[in-house]
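Here's the structure, in structure tokens; my notes come after.
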Amino acid sequence: MEEMPERIEIKQKFPSWREMLKPVKEFEEGRLSYLSLPKQVDSEWFKMPFGDVERDFHDLKLPENWKEIFLEAMKDTLEKNRSFKLFMDICVRCGACADKCHYYIGTGDPKNMPVARAELIRSVYRRYFTPAGKFFGEWAGARELNEDVLKELYYYAYQCSLCRRCSLFCPYGIDTAEIVWWLRRMLSRVGLNQRFMTISIEASSRTGNHLGLLPGGMYGAIQQGLEELKDYTGFDLHTYINKKGADILFVAPSADYFATPHWYVMLGYLLLFNELEEKYGLTITWSTYASEGGNFGTFHSYEAAQLLNSKIYKEAERLGVSFIIGGECGHMWRDKHQFINTMNLPPKHEEWRRFWEDPDLGNLAEGLRGVRFDSYASGEHGWIHILEFVAALIEHKKIVVDKSRNDKWIATYHDPCNVARGMGLIEEPRYVLRNVMNNFYDMPEHTIKDKTYCCGAGGGMLADELMDLRMRGVMPRMMAVRHVYRKYGVNILLTPCAIDKAQFPHALEYWKIPIEVGGPMEMVGNALVMTAFGEKPEDRQFDLRGEPLKPEEGE
């Protein structure tokens, strides 16, 4: 992990609103995102305006008419998105959101208060799009758009993870994440894009996944997983890739193909899919084209989000599946629950249409009859979250689990922002965990469920150059984890989000909390008794980490 100071200092500042509108001139190291390179935003697969220029934050190399371009982009946003116009007008600056932002709590920077972050762009809106701002200027809370203001807009637009916790506490329901999303789109129109995010967007548009994995790499990773499972279970398992006529398309975040602890979740998927096929005949395929459920476009711009999520519906139609299961990813679910169905047309093939007229799994596999998806939070657009899927299987007693296999773990659960707040999937993961393990404890109520604190790395904030911001932003979550670690002896933090799993090992190390990180599907895989293969509860000797399920005598 990048070197961090032993102690961090948080200085709370409370300047006047007049002072707040003065653009900052000094930019903190560890909080400033790198700008994109031409190879990310001027490639054959992903092109952004003025992307052919290599920029540095201290030399933006803006186009000559950048101001007109930016304001035209703002005008376009105001005309096409009524919510943005509403959010610009109705804020009364009550401050209810101020201390709800993890970045404000961690940095003490007043411009990281959600109300102030929105005010940075709202002041430009007032100056150019309201009569009061045009006539009274600064007295009406308006300010001129110049290069210093533009730099400040970029600096603070990329100190927000779009987690929407602030919106939960806003009495008017102002969605600051949406404001920041449209602001980032405006910045992209004058050539200002964040490097970390556009690396992932370009790779996904080119190869189908954020990591740039080619089909052979993805296939090899899955085969490696099957070989590992043979060592742990003794069973010869298989999977399908690009199988036409399969019942279900499964889409995972690409980190599950190789990263740790994501890999253990991948093994859990493979065990479950083999059990369901062997026992009920339900076929589930992966795709090398739609090999990424995540969508960094949802943090960048509408156009980028639309480009990336289009491939999933196309692949579902090409393969002729009846529905899609999505894996353990956070922003996948903001995208697939709220965006995809208005950005791209859903599949129209017969198998899809027929299943969603009567969404009973028994129509695909008779032994699963009664498992229905009529009112599932994630089922509105043809998608089912893997944890809702598993919860249904457990509730209807379609799989056998042995909770004692997870007895070495004392777990707590982190609600990913986009899963809990973004789609309302709150109780199902807890239902699954309580059914596959004996030792589970929630963190304090004001830090979980719809009030969950962000991991501090979503929204494009997982970039290495933002390590200071990340460790500060994750502080509220780490304090809650420390509470259950001390009170209950928790030794693993579970989360169904790929970015969380990448962020938390660093955060736990920095905040000196000696516990592991994993995903719920790892616990499901450990507990799952492969009855279709003749396995008995006592047969399994190793967990999905390759460690003994029960400690040796004397340990």
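Just so you know, glycine gets a Cβ as well, placed from its N, Cα and C.
As recorded in Swiss-Prot:
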DOMAIN    82-111  domain '4Fe-4S ferredoxin-type 1'
BINDING   CYS91, CYS94, CYS97, CYS170  [4Fe-4S] cluster 1 binding site
BINDING   CYS101, CYS160, CYS163, CYS166  [4Fe-4S] cluster 2 binding site
DOMAIN    151-180  domain '4Fe-4S ferredoxin-type 2'
Secondary structure content, the domain '4Fe-4S ferredoxin-type 2' (151-180) (per DSSP, counts of residues): 17 helix, 0 strand, 13 coil
Per-residue Cβ crowding (10 Å cut-off), top of binding-site residues CYS94, CYS97, CYS160, CYS166, CYS170: CYS160
Spatial separation of CYS166 ([4Fe-4S] cluster 2 binding site) from CYS97 ([4Fe-4S] cluster 1 binding site) - C-alpha basis, Å: 5
Spatially closest candidate among CYS91, CYS94, CYS170, the listed binding-site residues, to CYS101 ([4Fe-4S] cluster 2 binding site) (Cα to Cα): CYS170
CYS94 ([4Fe-4S] cluster 1 binding site) versus binding-site residues CYS160, CYS163, CYS166 - nearest by Cα: CYS166
Counts of helix, strand and coil residues, the domain '4Fe-4S ferredoxin-type 1' (82-111), according to DSSP: 20 helix, 0 strand, 10 coil
Integer Cα-Cα distance in angstrom, CYS160 ([4Fe-4S] cluster 2 binding site) to CYS170 ([4Fe-4S] cluster 1 binding site): 17
Other C-beta atoms that fall within 10 angstroms of the C-beta of CYS101 ([4Fe-4S] cluster 2 binding site): 28
Surrounding CB atoms that lie within 10 Å of the CB of CYS91 ([4Fe-4S] cluster 1 binding site), all protein chains: 19
Check: same-chain CB within 8 A of [4Fe-4S] cluster 2 site center, minus CYS101, CYS160, CYS163, CYS166: CYS97, LYS100, HIS102, TYR103, PRO114, ARG117, SER161, LEU162, ARG164, ARG165, THR176, ALA177, CYS454
CYS163 ([4Fe-4S] cluster 2 binding site): tally of other CB atoms within 10 A of its CB: 30
Separation of alpha carbons, CYS91 ([4Fe-4S] cluster 1 binding site) and CYS166 ([4Fe-4S] cluster 2 binding site) (Å): 13
Check: same-chain CB within 8 A of [4Fe-4S] cluster 1 site center, minus CYS91, CYS94, CYS97, CYS170: VAL92, ARG93, GLY95, ALA96, PRO114, VAL115, CYS166, PHE169, PRO171, TYR172, ILE174
CYS91 ([4Fe-4S] cluster 1 binding site) and CYS163 ([4Fe-4S] cluster 2 binding site), distance between Cα atoms, whole Å: 19
